Each structure stands twice: as C-alpha cells, then as structure tokens.
Amino acid sequence: MNGMSTGTLVLLRHGESEWNALNLFTGWVDVHLTDKGIAEGKRAGELLLEHNLLPDVLYTSLLRRAISTANIALDTADRHWIPVIRDWRLNERHYGALQGRNKAQVKEKYGDEQFMLWRRSYDTPPPPIEAGSEYSQDTDPRYANLDKVPLTECLKDVVVRLIPYWEDTISADLKAGKTVLITAHGNSLRALVKHLDGISDEDIAGLNIPTGIPLRYDLDENLKPLNPGGTYLDPEAAAAGAAAVANQGGK
C-alpha cells in the first residue's frame with residue numbers, strides 16, 4: 001500500500017510474564033517472560049505469517065516483557081530486521097504501591113469493590129508507591145529524561161500520556177500505508193483501543209486483552225477502524241485468554 005492509503009495496525013500484548021504467573025501486580029517493574037510467554041511470542045509470529053500480516057515497523061514500551069515478545073514474534077515471522085521505536089509512553093500502567101503485591105491477597109485485604117476500583121476503574125489510581133522503595137522506578141536510568149517518573153497511575157493517566165504519542169508519531173506510519181506492530185501491555189493497549197473504538201469511561205472496565213494473540217485493526221485515512229473492535233488472529237484462544245485476564249484476583 002502506498003501514499004495515503006489505509007494502514008494496518010497490529011496490537012500484541014506481551015506473553016505471560018513471571019509475575020503474571022504469580023498473580024502479582026507488575027506495572028513498571030521489569031520482569032522476564034515465562035516459558036509459556038516465550039511460546040506465546042513464537043505463536044504470535046506464526047499467526048502473523050499464517051495471515052500474511054508482515055509488519056513494516058515495530059513500536060514497543062521500554063519493558064523487557066514487551067521487547068522480548070516482539071523480538072520472538074518478529075524473528076519467527078522473519079521480520080526481525082524492521083525498524084524499532086521504543087517509548088515509555090507505551091509502558092504498562094504504573095500500579096503504585098500495589099506493584100509486587102499478590103492480587104488475591106490485595107482483594108482479600110481491601111475487598112472486592114476497592115480491588116476492582118484500583119484494577120479496572122478509569123480514574124481511581126492505587127496509592128502511590130514510596131519513592132526509592134524496592135519496586136519504584138524513580139531512579140531507573142531508562143526514565144532519566146522524564147521530568148517526573150509516575151508513582152501511580154489510573155487508566156486515564158495512561159490515555160493522557162499515550163494518545164498524544166499515537167497522534168504525533170505512530171499515526172504518521174499508518175497514514176503512509178504501513179503495517180504497524182505495537183507490542184505493549186494490557187492497560188496501554190486498553191487505552192489505545194478505548195481511543196480507537198470510542199469506548200466510554202464506564203465500558204472500558206469490561207475490556208480484557210489476552211496475552212500473546214495479535215489483534216488486527218484495518219484503519220481508514222482518518223485512522224478510524226473499518227473493523228470496530230479489531231480482529232484477533234486466533235479468536236477462540238483470544239476469548240479464553242480474555243476470560244482468564246478477567247478472573248485475575250481469584251485464589
């Protein structure tokens with residue numbers, strides 16, 4: 001596709017991480033993929049190949065689990081050579097003082113209502129993390145150019161940091177007709193899908209994005225989806241994965 005023709009967007013949530021497997025709030029903590037997560041990255045690359053969906057450029061966060069998933073997927077799809085742009089604005093939502101804590105234990109201590117407010121409400125952030133504490137990123141060198149490193153975020157904060165980056169940077173590649181792969185995180189991708197599909201602040205609470213399954217959006221010249229909600233390359237696995245995400249916090 002050339003010129004101002006429709007771009008193709010592929011969203012990919014990183015494969016299962018070590019803290020996903022342990023049911024811990026992760027946020028900006030930089031954890032590794034599990035063996036399952038590595039396999040999910042490989043399967044994502046196989047799906048890209050099967051659907052002849054070959055990215056021209058990759059955008060990722062600054063976090064290892066997204067970077068590793070993208071590297072595995074692109075290597076599998078023989079697209080390891082494409083240009084890569086990494087940016088903190090694609091990072092997972094910062095979970096504040098909840099980072100490193102077990103979701104089931106937080107739910108048990110604070111109750112279902114407070115747990116769901118922190119986890120899924122649009123504008124209620126968890127308590128801020130203490131600067132300098134074990135799971136804070138305020139001294140992390142990768143964020144040295146930020147005026148202020150977040151100590152907590154709600155989904156609204158992710159929207160505020162991400163959508164200008166989408167409009168100012170990523171959109172140019174799509175408007176040029178490129179196939180753009182964004183490999184990121186549950187909440188940064190939820191923020192972008194909210195924007196693309198015009199999902200309300202209330203309804204976004206019900207959107208769950210599974211790990212490791214590419215989600216395709218075909219966009220018109222105004223970057224509006226021609227296929228609202230996107231199209232998962234493996235719909236059955238995506239439905240099962242989204243249900244598993246929704247159930248996090250259970251014992």
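Placement of Cβ uses the backbone N, Cα and C atoms for every residue, glycine included.
As recorded in Swiss-Prot, the features of this protein are as follows:
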type	residues	note
ACT_SITE	H14	active site, tele-phosphohistidine intermediate
ACT_SITE	E92	active site, proton donor/acceptor
BINDING	13-20, 26-27, R65, 92-95, K103, 119-120, 186-187	substrate binding site
SITE	H185	site 'Transition state stabilizer'
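Structure with Swiss-Prot features highlighted.
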{"residue": "R13", "record": "substrate binding site", "Cβ contacts under 8 Å, 6 or more apart": "T183, A184, H185, G186, L189, I209, P210, T211, G212, I213"}
{"residue": "H14", "record": "active site, tele-phosphohistidine intermediate", "Cβ contacts under 8 Å, 6 or more apart": "L33, G37, G41, L63, R65, A66, S68, T69, T183, A184, H185, T211, G212"}
{"residue": "E16", "record": "substrate binding site", "Cβ contacts under 8 Å, 6 or more apart": "L33, T34, K36, G37, E40, T211, G212"}
{"residue": "W19", "record": "substrate binding site", "Cβ contacts under 8 Å, 6 or more apart": "F25, T26, V29, V31"}
{"residue": "G27", "record": "substrate binding site", "Cβ contacts under 8 Å, 6 or more apart": "E92, R93, H94, Y95, G96, L98, Q99, Y135"}
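Ranking the binding-site residues R93, K103 by the number of CB atoms within 10 A of their own CB puts R93 at the top. In the shown protein chains, 26 other C-beta atoms lie within 10 A of the C-beta of E92 (active site, proton donor/acceptor).
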